[in-house]
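Asks: My questions all concern the structure below.
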Amino acid sequence: MLIPTWLSSAPALGEVLLLIKATNTKRKKLVIGNWKMHGDRQFNATLLSDILTRWNSENQVETVICPPYPYFQQVIELIGASPLVMGAQTISEHDSGAFTGEISGQMLSDWQCRYVIVGHNERRRMQHESDADVALKFLAVQRAGLIPVLCIGESLEQRESGNALEVIGAQLGHVINAAGIAAFENAVVAYEPVWAVGTGKTATPEQAQEVHAFIRSRLGSVSPRILYGGSVKAHNAAQLFQMPDIDGALLGGASLVAEEFVAICNAAN
Ligand code: 13P
């Protein structure tokens, strides 16, 4: 039988699989700004306009803004066709129903969100979200066709008693048990040591790299982007981004200052 030339020169299945893996391992840098409960219409308008004025059009980093829910409409209008995309700070684990005050994945998807943060330490501590709750939220994000950003991280006490990796492994383990490792093909993990969030104390690049490598090892051949979060600023971002397993940052305070935010995105480029 004559084999058409396009087929005879096509790569074998093994080569295709290797190619897919090579493409997967090239992880595009990602910077997410978590505005938390900050901003108002005036502040948001000024911040986004400053960010877009300073934006370097050559920048290849993927950039996400997570505003408080009431400002979704405003943020969507202001970011328009710019490279910025919108994400949410949390989600309900339910798809619909009598859950006063909650927001479903379908609603977030309707609002053109692409990413949803789950398991942020502020929600784990202040809203008492358990590992089981976080796993349900992770599943809800994926059911809505969105990308979960799973936050995990140890407290100062846990680090000082030498239990950081054990705690992080357990937090990750709950989600792996509920969703399966393959679910991480379409997810982002954010390592946020509780002691570094909003404190001005950043993990050293080596401390962060150790945890990121550990998280990656727990996920086997699946290799999602793993972000570092906790007092990332323009002056320390570049060193963190140079580490082989740090694929970007989850920002709090620095996402509210246009100059800092854009400088961090440039450092990730
Ligand atoms: P800071 O950057 O203010 O430390 O906050 C990090 C954070 O919690 C992002 O979700």
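Each Cβ is built from the backbone N, Cα and C atoms, and glycine gets one as well.
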Asks: Look at the substrate binding annotation in TrEMBL, where Asn34, Trp35, Lys36, Gly198, Gly252, Gly253 are given, and name the residue from Ser57, Ser221, Ser231 listed for that site too.
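Replies: TrEMBL lists Asn34, Trp35, Lys36, Gly198, Gly252, Gly253 binding substrate, and from Ser57, Ser221, Ser231 it also lists Ser231.
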Asks: What are the non-local neighbours of Gly253 (substrate binding site), defined as same-chain residues 6+ apart in sequence with CB under 8 A from its CB?
Replies: Gly198, Ser231, Lys233
Asks: With the substrate site defined by the record as Asn34, Trp35, Lys36, Gly198, Ser231, Gly252, Gly253, how many Å span the farthest pair of C-alpha atoms?
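Replies: Comparing all Cα pairs, the maximum is 14 Å.
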Asks: For the binding-site residues Asn34, Lys36, Ser231, Gly253, which sit with their CB under 6 angstroms from an atom of ligand 1?
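Replies: Near the molecule: Asn34, Ser231, Gly253.
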Asks: Tell me the Cβ contacts of Glu192 (active site, proton acceptor) under 8 Å, same chain only and six or more apart in sequence, or just say none.
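Replies: Once residues fewer than 6 apart are set aside, Glu192 (active site, proton acceptor) is near His120, Asn121, Cys151, Ile152, Gly153, Tyr228, Gly229, Gly230, Leu250.
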Asks: Can you check which residue among the binding-site residues Asn34, Ser231 has the largest number of Cβ atoms within 10 Å of its own?
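Replies: Output for this query is Asn34.
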Asks: Who sits close to Trp35 (substrate binding site): which same-chain residues at least 6 apart have their Cβ under 8 Å from its Cβ?
Replies: Ile65, Cys66, Pro67, Pro68, Gln89, Ser255, Leu256
